[in-house]
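**Student:** Reproduced below are the annotations present in TrEMBL:
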- 1-10: compositional bias 'Polar residues' (COMPBIAS)
- 1-25: region 'Disordered' (REGION)
- 14-25: compositional bias 'Low complexity' (COMPBIAS)
- 43-65: transmembrane segment (TRANSMEM)
- 86-105: transmembrane segment (TRANSMEM)
- 117-139: transmembrane segment (TRANSMEM)
- 220-237: transmembrane segment (TRANSMEM)
- 257-277: transmembrane segment (TRANSMEM)
- 297-320: transmembrane segment (TRANSMEM)
- 326-349: transmembrane segment (TRANSMEM)
- 369-394: transmembrane segment (TRANSMEM)
- 406-435: transmembrane segment (TRANSMEM)
- 498-532: region 'Disordered' (REGION)
């Protein structure tokens, strides 16, 4: 019987078996058929990458027409529709996938996989932060740019920098968002601390200003609270046993239906990406001034992303799995193109789930458990550009960072990336936390905001790559543990005894199976113990 293996859309011809006739692999018809099959399997990837290239060409062609702001808005409309569709599907996808994923794993597996995931996320984010700080000190992106202002960049006004928050309030907001007071509100609002300045006049004529923290609700899904609730709900349904099976089946069915919707949306991705990239290029005023003014900062950030995404993360994957990481990444070109165009880890989540399961064969229980969590808490790319930006602003202000401040940057960037929003420019808001922690001014954040649309693209690609490789590592370790358990189960044997003990004298969880055979050969017979 002929067998064929297909991995990442490529046919393993070594196991394809013999073929005869005009469609044989060596004939022209056979080659044409294989080429057509390859194009059919990789159609979405090819169309997505083509959409990015076509968008760049479209933007370059329209730059000379001096389009008005209204015309640029119309040009970006198909891309806006793509973002709306992807964001529409995030809520049911995250909740249903986490509930069904947590309910499908037993408590020991859930704890083991969760522990490995937390260790992996912490290791990769901390290594990314250390790499970024080292590159920033080597390249020195802030040297020679002390007089630079955001108005010198030739870009439109990016607005005022975000109001700096106290470091303590930032972590308190993170804890508050883990436990939203209203799940319905959490679907479209996030808790954030704002400040009100109160002026006090004393009798002696002294004037003091007090900054009072005030809780506010800002627009944006509280994905952190929804992730925690979905995980706990899945574990609770598993604990109920038969009483929770109906609800688990409901979430499983809703999850599968959501993935069908994702597969339909993915065919619109190339069109939306083309107009997203094209409209962004048209908005750009003067790329020459931009690159010459902040070129070293952009170069340091993107170089950090290339080293971390092209060397560090694949090396970690290879150490754990002993498999080619680039073959694994080859099946994820469509999600990477989506991440590059949308600058949103959350918007890339539907595409990543679909491709990592279909192209790379990752277990659905693993991917639907780890990817939503990774899209929320694992931000390697954000940690890199945040650390580079912090050192860049320190060099702008001629501040020499000591060892304590460098350590603070590493720890704060690693911790604050957990709460970074998976939306465009979400990481910029957390840079203010790092600057406050090391005592640097935040008024230079306008420079970071002005060029964030460039750095944010490679940032998002590295973010989703870290999530994908983490899912691949967990899948490999889970398979290895499963095979080891099955091997130990089959190797447990006991010597067959003609007059074996009755069932009451042995463990009720152990079933003895004695093979039939001649009595003379009974001492040589063995029976397997199956622990059920």
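Cβ atoms here come from the backbone N, Cα and C positions, even for glycine.
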**Student:** Taking contact to mean 3 or more CB pairs closer than 8 A (sequence separation of 6 or more), are the transmembrane segment (86-105) and the transmembrane segment (220-237) in contact?
**Tutor:** yes
**Student:** Mind checking which residues reach the transmembrane segment (220-237)? Cβ under 8 Å, same chain, six or more beyond either end.
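**Tutor:** Distant contacts of the transmembrane segment (220-237): 90-91, 94-96, 98-103, 107, 110, 174, 177-180, 183, 185-191, 244, 247-248, 251, 346, 372-373, 375-377, 419, 421-423.
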**Student:** Name the range, of those listed as 43-65, 117-139, 297-320, 326-349, that has the largest tally of Cβ pairs under 8 Å with the transmembrane segment (369-394).
**Tutor:** 117-139
**Student:** Can you work out whether the transmembrane segment (43-65) touches the transmembrane segment (297-320), with the criterion being 3+ CB pairs under 8 Å where the paired residues are 6 or more apart along the chain?
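**Tutor:** They are not in contact.
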